[in-house]
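*Asks:* Sharing a structure with you now.
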Amino acid sequence: MNRHRLATLGIPVLALSAALGWTLSARDALPDPVASHFDFTGRPDGFQSLTTLSLEMLGTGLLLLLLFQRLSTTRLMSGIGAGTVIFVAALQVLILAPQRGLADAADTTLGAALPLALIVATAGGALVGVLADPPPAEADPVPADSVPLRPGTRAAWFGTARATGFPLWIMLGGMLPLVAFAVSAFLDGAWIPAFLLFLTVPVFVMFLGVDVRVDA
């Protein structure tokens with residue numbers, strides 16, 4: 001296994017394994033069922049068995065890992081993909097940790113689990129981005145109708161890039177949950193979180209296509 005695969009696969013898998021190991025070690029101290037979903041005030045409003053929650057964590061993490069492997073052609077995408085998987089693992093530990101020793105999971109709160117998970121994911125993603133060594137992209141063949149430029153000649157190339165196929169589905173798949181969360185926050189009266197979530201939608205739309213100009 002080369003350095004790139006070791007970083008983009010090894011570190012996220014290690015995070016998932018560590019989260020699962022911690023969960024199993026704390027199993028006897030956790031209530032049954034455990035709180036698995038929280039409203040925008042930080043109070044639990046959804047409960048599951050620990051086994052179901054752990055299987056969902058592993059399934060989601062591994063699915064994201066496989067999806068992002070196809071996109072990890074740059075250090076940035078490698079870091080984003082690994083950070084997303086690490087976020088899933090860290091969030092499980094951080095929402096379960098406050099429930100240790102409780103008889104009823106309804107007595108817990110979300111606390112700072114979300115921002116802490118984001119910090120851990122950002123740090124882990126940055127580490128993977130630094131360690132990753134994606135293979136260089138293959139050079140495109142020279143078009144048959146290309147025009148050679150004389151020394152000192154300047155030219156400009158204009159083009160449009162659009163997200164299609166697999167990358168497009170990845171972006172749409174990430175946008176739909178954000179819209180759902182924003183609507184849920186709005187209906188719950190959480191105006192600020194709803195506004196911030198809605199702001200992410202134009203960002204996704206901006207990345208669906210770009211106009212490019214190359215001067216030479």
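Cβ coordinates come from backbone N, Cα and C, glycine included.
For reference, TrEMBL lists these features for the protein:
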- 18-50: domain 'DUF1648' (DOMAIN)
- 50-68: transmembrane segment (TRANSMEM)
- 80-98: transmembrane segment (TRANSMEM)
- 110-132: transmembrane segment (TRANSMEM)
- 166-185: transmembrane segment (TRANSMEM)
- 191-210: transmembrane segment (TRANSMEM)
*Asks:* By DSSP, what is the split of the domain 'DUF1648' (18-50) into helix, strand and coil residues?
*Replies:* 12 helix, 10 strand, 11 coil
*Asks:* Where else in the chain does the transmembrane segment (110-132) make close Cβ contacts, counting only residues six or more beyond its ends and a cut-off under 8 Å?
*Replies:* 3-4, 6-8, 11-12, 15, 38, 42-44, 72, 75-76, 78-84, 86-87, 90-91, 94-95, 98
*Asks:* Across the domain 'DUF1648' (18-50), what does the pLDDT come to on average, as a whole number?
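*Replies:* That region's mean pLDDT is 90.
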